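Asker: Among the features that TrEMBL reports, domain 'Major facilitator superfamily (MFS) profile' is placed at 252-437. The transmembrane segment feature in TrEMBL is assigned to 20-39, 51-75, 87-105, 117-135, 155-175, 187-207, 252-274, 286-307, 319-337, 343-365, 377-397, 409-427.
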């Protein structure tokens, strides 16, 4: 077992912190609580149109993603320019966790209050992740980027899983504790936010970065400093985008992002549709679906570490390609399952490759970009990560509508993995990280 430095431990602890919000609030508790307790049965009216809870939820998620699309690259570039990645990380983390905490006080009828708080929490979460990811090349020892990235994801799966398990037990035994289901759900939401903010403190206090000596361009010196820095960030972000699109400069990073857009779309679709697939095709009870979600978290812990070690032996790109080949096999296996046991096996396989593919994607991108410009590049990584959750679900929905079968729909996602792997095959991995010590 390798000994992690204090910087690496502090960095990895942030993944432990924010994963409780992702799993408990975003994935499990808030969608159900919003639909069953907050939104009236008849729906809510927006601009004269009455909308059901699932439609409102989709609009909330999409609106938050749009804000991140607009903000992430510019703020990342501004953070690089001023050497303020930790300050930006702290600002987005604390603002996001505060909004997430207030979600625990939302009750029946608080539709727009809940929607606003959730969107702000999402912006805080995703914005903080830009700067968190940007610290990966800063804290990683030479040749150990895969291991550090895998460690972060591994800790995240355990931290998120522990809080989710506690939340499930709280909701399941709410009556014995003198609570109703709504009160238990609100406590779960509030404690997820406290978990996020509390366990983030080591990162917010201990992470260090080099402070660049920067000078504002002459044309911006007459502006208020925050506005001037924002203008510089916009200019630098535009330059980074041109670089990523260039055939000669950073072609590897640009091509990687295109591959990531496709294969991560497949990954996100499988994760997003897994619960519905189990319900629609196998008619599994909610308890079985939630247990499978916990199983995925537990196995993903080992998967992240296993694939990180494998990357040191066969290179990051090859290990990532292997994980995507396994993802393709998982999709094919999902087409044939017809029992709860097979669904549990599917969950274990998903957990194994989920941890590896996520950790290696982040670490491969980290070694392909300039260390001193990591925040602006990870701003675009965040944008692509969000964009990659759009096409796959639409593809799934279209095939499901045309064929009437979720099995056919999940098999259709295979094309995203195949094309993504074909593009990733052409990506050049930097020589200094190709075989890690």
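The first residue you see is number 1, and the count goes up from there.
Cβ coordinates are placed from backbone N, Cα and C, and glycine is handled just like the others.
Where the annotation comes from TrEMBL, it is an automatic prediction and has not been curated.
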Asker: So what's near the transmembrane segment (187-207) in sequence-distant terms, Cβ-Cβ under 8 Å and 6+ beyond its ends?
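Answerer: That would be 6-7, 9-11, 13-14, 16-18, 20-21, 24-25, 29-30, 33, 85-86, 89-90, 93-94, 96-98, 100-101, 103-105, 121, 132, 135, 138-139, 159, 163, 166-167, 170-171, 179.
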Asker: With CB pairs under 8 Å as the measure, which of the listed stretches 117-135, 155-175, 252-274, 409-427 comes out on top against the transmembrane segment (377-397)?
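Answerer: Most Cβ pairs under 8 Å with the transmembrane segment (377-397) come from 252-274.
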Asker: When only pairs 6 or more apart in sequence are counted, do the transmembrane segment (252-274) and the transmembrane segment (117-135) reach 3 or more Cβ pairs under 8 Å?
Answerer: no
Asker: Of the listed stretches (20-39, 155-175, 319-337), which one yields the highest count of Cβ-Cβ distances below 8 Å with the transmembrane segment (409-427)?
Answerer: 319-337
Asker: Residues of the same chain, at least six outside the transmembrane segment (20-39), with any C-beta under 8 angstroms of its C-beta?
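Answerer: Counting only partners 6 or more residues beyond its ends, the transmembrane segment (20-39) has Cβ contacts under 8 Å with 52-54, 56-57, 96-97, 100, 103, 106-111, 114, 118, 121-122, 125, 159-164, 167-168, 171, 182, 185-186, 188-189, 191-193, 195-196, 290, 293, 297.
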